[in-house]
Amino acid sequence: MTRMTRELVVLGTASAVPTRHRNHNGYLLLWDGQGFLFDPGEGTQRQMTMAGVSAHDVTWICVTHFHGDHCLGVPGVVQRIARDKVSHAVQAAYPASGETYWRRLRHAAAFADTSAITPRPVSGDVVRWPAGPVTLTARPLSHPVESYGYRVDEPDGRRMLPEELTARGIAGPMIGELQRAGSVTLGDGSVVSLADCSVPRPGQSAAIVMDTRLCDDVYALAGGVDLLVIESTFLSAEEALATEYGHLTAAQAGQVARDCGVRRLVLTHFSERYSFADEPRFVEEAAKSFGGEIVTARDLTRVPVPRRRP
Ligand SMILES: [Zn+2]
Ligand SMILES: [Zn+2]
């Protein structure tokens, strides 16, 4: 049975160097039975155990780029998928230019492999795949090595209006028929259309924007999402460093969230120079632009996708 869960399981939140309190990156987005594992950094397999998720929860592995903090956990995860005999298909998206790295990580040690994982190398300006009930999109970012961000979109639907259904005497299986066929014919011969008994319901969405400078595709990825998970490696005092190394500051993340109409902003990928005590400074800088909810991600926490807009 498909679990109707929409939440981010945070597995790791450190940039290049893991710390006593932060594992390398790792983000499992659970969405109605799909499990998008973004950027399994070193130690992800064990973090999954600590977080109470398993290899069976993973349906996609999405690597943004081949810096170690975003991919050194691939060997452990792919070997665990084989060991646990995951029977469903698992797709693996990663920058095509890093094919050599992917192959090494995919076959890093001896193990009894299975055919569960299908590679989906990404190139070009925009790539979209159907992924269960949603669409997964990849777009290129701006970083010293080729990097792609991802977003997940639920298709727009319609919200049924119970009072309109009742007024027309539509109940039980007729509701399903109305939704499938777009109209139903009543006993007296009159036709009721779906539009009479429902209103448009915009789909929900989430985006993962890892290592990048500000660029147009950051905005394309984050546009209108309910949940934005975005790197904020540095505070503004290090903005020059951030730009040089292809990273964002918390203030820039806040500007993106404001400009894109994001609902819940999750800051992560923190430089090892900062401690938990610095988290309020990240929030403060992002909040200068963004008035919505800001979460500074911590390992082994869960962040729900915000409830659907009424
Ligand atoms: Zn990184
Ligand atoms: Zn990087």
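In case you wondered, yes, glycine gets a Cβ from its N, Cα and C as well.
Zn(2+) 1 binds H65, H67, H143 as TrEMBL records it, and from the list D211, D216, D217 the residue named for this site is D211. Cα spacing between H143 (Zn(2+) 1 binding site) and H70 (Zn(2+) 2 binding site): 13 Å, rounded to the nearest whole number. Put plainly, the binding-site residues H65, H143, H269 were compared by Cβ crowding within 10 Å, and the winner is H269. With a cut-off of under 6 Å between the Cβ and any atom of ligand 2, the recorded positions H67, D69, D211, H269 reduce to H67, D211.
Looking only at other Cβ atoms within 10 Å, the busiest spot among the recorded positions D69, D211 turns out to be D211.
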